[in-house]
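A short write-up of the structure that comes next.
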Amino acid sequence: MSTTTPNTTDRLTLPTRIAEPARDTGLLLIRVTLGGLFVFHGSAKFTAGIDGFAGYLDSLGVPFPLLNAYLAAGTEVVAGVAVALGLFTRLASIPLAFTMAVAFFTAKGAQLSAQGGGGEYPLALGLVAVALVLTGPGRFNLTTPLLRLIGSKRIALQAKHASAIAVSA
């Protein structure tokens, strides 16, 4: 009689046919949530008056506060839309992570506070953006079909050009 103990991790591991779609769905939810939060906060900076945000940056000693206010808000909106749609997610996540690193170290002084006003929010958003740089968008994204479309049009154009050369030769 064998007294083999079953491997407990086998019970915790999903079969590949379930795990891959679940992972891709999870990445989709993360992307849409993160991108939506950035679009919300970036557009709020514009609609509430960019001058107010620039004044806040000035009070922190940020150089060129108006320029940096536009850059931060614009980055949050444009890159946030790209991340939510899964359009060049890895590339779009880099400036979001950078913006949150600046917010964490500049605005929050790299402080964490259970009473509020600490840097937990920019830290969390920035780390999720870094995670998307590392993982990519998952299967549900717009980059893949866009690149296929561009590639097929380029191939069609090259074929048309090659046939024109063959006919003229």
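Placement of Cβ uses the backbone N, Cα and C atoms for every residue, glycine included.
Whatever TrEMBL says is automated annotation, not expert-curated.
On a predicted model such as this, the values are computed, not experimentally measured, just so you know.
Using a Cβ-Cβ cut-off under 8 Å and counting only residues 6 or more beyond its ends in the same chain, the transmembrane segment (67-87) has close neighbours at 28, 31-32, 34-39, 41-43, 45-46, 50-51, 53-54, 57, 93, 95-96, 99, 102, 129, 132, 137-138, 140-143, 146. Residues annotated as transmembrane segment in TrEMBL: 67-87 (among others).
Under the heading transmembrane segment, TrEMBL lists 94-111 (among others). Proximity of distant same-chain residues to the transmembrane segment (94-111), defined by a Cβ-Cβ separation under 8 Å and at least 6 residues beyond the stretch ends, is recorded for 34, 38, 56, 60, 62, 72, 75-76, 79-80, 83, 117-119, 122-123, 125-127, 129-130, 133.
Per TrEMBL, the feature transmembrane segment maps to 123-142 (among others). If you look at the transmembrane segment (123-142), the same-chain residues 6 or more away from its ends with a CB under 8 A from one of its CBs are 20-21, 23-28, 30-31, 34, 37-38, 83, 85-87, 89-90, 93-94, 96-97, 99-101, 103-104, 112.
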